[in-house]
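A.B. asks: Once you've had a glance at the structure underneath, I'll fire off some questions.
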Amino acid sequence: MPGKIRKTPLIEAGRDYLALGLEGSANKFGAGIMKHPKDGAATVLSNIRHTYITPPGEGFQPRDTALHHREWALKIINDCLAKAGVSMHEIDCICFTKGPGMGAPLQSVVLVARTLSLLFNKPLVGVNHCVGHIEMGREITGAQNPVVLYVSGGNTQVIAYSRQCYRIFGETLDIAVGNCLDRFARIINLSNDPSPGYNIEQEAKKGKRLLSLPYATKGMDVSLSGILSAVEAYTLDKRFHVQEGAEDKDLITPQDLCFSLQETVFAMLVEITERAMAHIGSKEVLIVGGVGSNERLQQMMGIMAQERQGQVFATDERFCIDNGIMIAQAGLLSYRMGYETPLAKSTCTQRFRTDEVHVTWRA
Amino acid sequence: MTFSLSQNLIQSSLPISQGAEAKVYKAQLTSGSPPILLKYRFQKKYRHPTLDANLTRSRIAGEARALLKCLRSGVNVPGIRMVDATEGILGIQWIEGQSVRKLLPGGAEDDGADNVDSPDVEDSDPLTEYGVSVDEVMNLIGNEIAKMHRVDVIHGDLTTSNMMLRHPKSFVPFNPNVTTELVLIDFGLSYQSTLTEDKAVDLYVLERAFSSTHPDSEPMFAKVLIAYAETIGKDWVAIKNRLDDVRLRGRKRSMVG
């Protein structure tokens, strides 16, 4: 295990704590209510999300996404409170995503958070999105001190905890893995419903042929943009045929490309995760982030962990994909350590690295 | 027949550990011969078999090539004893000693999974057994890496786990004042390159490994760089400038100021 499992500096909850978490750093608006009861175990009271889905071949633009969040925010927060059966007056703090993410959507959510804070006179807690993912993953899976692979549309990082900081061991040097998959989905015109990554995964299951793509690990880091270009180049190849079930051996189908793309990039991710595990001597690995709900990635990680007599922890789409409850969880942890974001500083930022956060609630 | 020979050798060897890439065994080629270390890149089941076979073959060959180049140029690395690229087996000289990570402050604490609540028990400094100080080790590290970079070998995975100090009893130095020797190991991700960029990234990988394993490592790593600069000579300015650039990489960094 990396380090010893020390006692948490978190003071035992003398009463029940309730936090509202608001998330909207990308194309999902999410709200969730987290309860930390007196006796310990955290409870998810409600966790609701709405996704802004664009037509096939299009990505989500910041401006339209922000508009989506503004339109849905109040409805979702109301639903969230109703489902949890609590009123705004009972909430201890309002947690919001400070960053990283897309500027416009972040701003529309922080505006909602600020307004609620002033209306109900509740303190604000700004949360790092990545730390939210990690804390929620730890809470749900019970992993004590895992190596974390955080893979989503905006982030690709291998993280390990050390001395009150989530240190980044390896990361992508260019685009995020989710971005790579999503953009390829756009190239071959896959639907964005429920998510482009999910549809790539379904297509990949039908693919058989492994086409050669660059394998780009650099130190502990990976580079993905070149792989996207390479796989895109195959779609311009003379052998590329869109219709399914072509038996001709020499044809390249979109399914083959999805399959090859997944196999290659996931192998790279699993490899750098394994290197981080070997380096710090950990046997646990936790996968978080939207791409973490990909079953092939979970499967590959599982095989790797098994070969090392380790264990893999993954969550399902409710907690993997961006959601409000993870912001509530990470926010409530820091709130209980005495952290609040004053109104004047309740800004958001597109650039906010995982390792900038002082993790006071862990020893 | 190579198949059964290499596999037989593995069967009769003593497993030591499992790294990220390979299983490591202690073996003897013939009875009575000095021990060798076998690195077995077993099949990674998570990878597609074709992808896996290609990677394994090219990495074993690359590792052997890099070791050979280092050996010819006087960089301290283990000597090659056997190569079986299709099976993924590489046999190298056995080095008696300890990894630098275990010898530096903070590096050994990972092994304490079972003594959960006990305070850190500080034994005497493990380095005294090797007759060197922390500063001298940093000096050796910088020096060895520079020698390697001078012949355009890029290690690709420089960490303190991938360096060893020879045990003073295990070798006879040319210079009687020298008690130990730093040996670079695990060239599994190495390649050859003349580019400043690649050398700078190599150093950056080491810098990050230092800061993630050894607390308050900044002054230690600074000493590595001083020794590196001395040995590498005139190329240092270019590498240093590039290293500063590389440090700024990574996404979502604050761009203020």
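Using the three backbone atoms N, Cα and C, a Cβ is placed for every residue, glycine included.
OK, TrEMBL features for this one:
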type: BINDING; residues: A:H129, A:H133, A:Y150, A:D322; note: divalent metal cation binding site
type: BINDING; residues: A:Y150, A:V151, A:S152, A:G153, A:G154, A:D182, A:G197, A:E201, A:N294; note: substrate binding site
type: DOMAIN; residues: A:44-328; note: domain 'Gcp-like'
A.B. asks: Which of the binding-site residues listed here (A:G154, A:G197, A:N294) have a Cα atom within 10 Å of the Cα of A:D322 (divalent metal cation binding site)?
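C.D. replies: Checking each Cα against A:D322 (divalent metal cation binding site), there are no hits.
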A.B. asks: Tell me the Cα distance separating A:S152 (substrate binding site) from A:H133 (divalent metal cation binding site), rounded to the nearest angstrom.
C.D. replies: 10
A.B. asks: Please name the residue among the binding-site residues A:H129, A:H133 whose C-beta has the most neighbouring C-beta atoms within 10 angstroms.
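C.D. replies: Selected residue: A:H133.
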A.B. asks: DSSP secondary structure for A:D322 (divalent metal cation binding site), reduced to helix/strand/coil, please.
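C.D. replies: Assignment for A:D322 (divalent metal cation binding site) reads coil.
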A.B. asks: The record names A:Y150, A:V151, A:S152, A:G153, A:G154, A:D182, A:G197, A:E201, A:N294 as the residues that bind substrate; what is their largest Cα to Cα distance in Å?
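C.D. replies: Site span for substrate, by Cα atoms: 18 Å.
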A.B. asks: In sequence order, which same-chain residues at least six apart have a C-beta under 8 angstroms from A:G154 (substrate binding site)?
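C.D. replies: Those within reach of A:G154 (substrate binding site), by Cβ under 8 Å and sequence separation of 6 or more, are A:S25, A:A26, A:P100, A:G101, A:M102, A:A176, A:G178, A:N179.
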A.B. asks: Which chain neighbours of the divalent metal cation site, leaving out A:H129, A:H133, A:Y150, A:D322, have a Cβ atom within 8 Å of the mean position of the site's Cβ atoms?
C.D. replies: A:S25, A:C130, A:G132, A:I134, A:S152, A:N155, A:V288, A:G289, A:M326
A.B. asks: With H, G and I counted as helix, E and B as strand and the rest as coil, say where DSSP puts A:G154 (substrate binding site).
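C.D. replies: Where A:G154 (substrate binding site) sits, the three-state DSSP reduction gives coil.
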A.B. asks: Please state whether DSSP places A:H133 (divalent metal cation binding site) in a helix, a strand or coil.
C.D. replies: helix
A.B. asks: What is the separation, in Å, between the Cα atoms of A:G197 (substrate binding site) and A:H129 (divalent metal cation binding site)?
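C.D. replies: It is 20 Å, counting Cα to Cα.
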A.B. asks: In whole Å, how far does the CA atom of A:Y150 (divalent metal cation binding site) lie from that of A:N294 (substrate binding site)?
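C.D. replies: That separation, Cα to Cα, works out to 12 Å.
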A.B. asks: What three-state secondary structure does DSSP assign to A:N294 (substrate binding site)?
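C.D. replies: Assignment for A:N294 (substrate binding site) reads coil.
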A.B. asks: What is the average pLDDT across the domain 'Gcp-like' (A:44-328)?
C.D. replies: 92
A.B. asks: In the three-state scheme derived from DSSP, which category covers A:G197 (substrate binding site)?
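C.D. replies: For A:G197 (substrate binding site) - judged by DSSP and reduced to three states - the answer is helix.
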A.B. asks: Can you tell me how far the Cα of A:S152 (substrate binding site) sits from the Cα of A:H129 (divalent metal cation binding site), in Å?
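C.D. replies: Pair distance, Cα basis, whole Å: 11 Å.
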A.B. asks: What Cα-Cα separation, expressed in whole Å, is found between A:N294 (substrate binding site) and A:H129 (divalent metal cation binding site)?
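C.D. replies: Here the two Cα atoms are 20 Å apart.
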A.B. asks: Across all the protein chains here, work out how many other Cβ atoms are within 10 Å of the Cβ of A:N294 (substrate binding site).
C.D. replies: 26
